[in-house]
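Report on the structure given below.
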Amino acid sequence: MMSFGSFVYIACLLLNGANMLLQIFCVIMFSDLEMDYINPIDLCNKLNDLVMPEIISHTLVTLLLLLGKKWLLFLANLPLLVFHANQVIHKTHILDATEIFRQLGRHKRDNFIKVTFYLIMFFTLLYCMVMSLIQEE
């Protein structure tokens, strides 16, 4: 039988991997906008549909780590959770097609930082999951 700690690591790993792929997709879409392969309205329509699922899944990851008493990983995820909460409170999480070219550099930078964060967390969670499953045996 799998322990709750192993379940937390597996669930967080899957959600974190999905968020990482989502951010890579966003970076590709922003690059397409720079190269004029996609228009701003289509970009905003596609990416705005993906913003809340990312925020919700990252919130779920953070809550699972808190419930699983994985304090160090919880604290590592807390700054991004605060960043997401700040975006939602100030309503800057939604992309505006009329403003996207002026804010493109900031959005690309934020997405590269998120990709890096999710990549580091992915391998950290993978290591923790493997160690947790080995210790159960």
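Just so it is clear, glycine is given a Cβ too, placed from its N, Cα and C backbone atoms.
These figures come from a predicted structure and were not determined experimentally.
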If we trust Swiss-Prot, are Tyr9 and His84 on matching sides of the membrane?
yes
Can you give the mean pLDDT for the topological domain 'Cytoplasmic' (84-114), rounded to a whole number?
94
Quick test of the contact rule: Cβ under 8 Å, at least six residues beyond the ends. What residues does that give for the topological domain 'Cytoplasmic' (84-114)?
19, 23, 26-27, 30-31, 33-34, 40-41, 43-44, 47-48, 51-52, 55, 58-59
Which residues, given as numbers and ranges, are at least 6 beyond the ends of the topological domain 'Extracellular' (31-62) yet have a Cβ under 8 Å from it?
11-12, 15-16, 18-19, 22-23, 25, 74, 77-78, 80-81, 84, 87-88, 93-98, 100-101, 104, 108
Which residues of the same chain, at least 6 past either end of the topological domain 'Cytoplasmic' (1-9), have a Cβ under 8 Å from a Cβ in it?
64-65, 67-68, 70, 125, 128-129, 132-133, 136
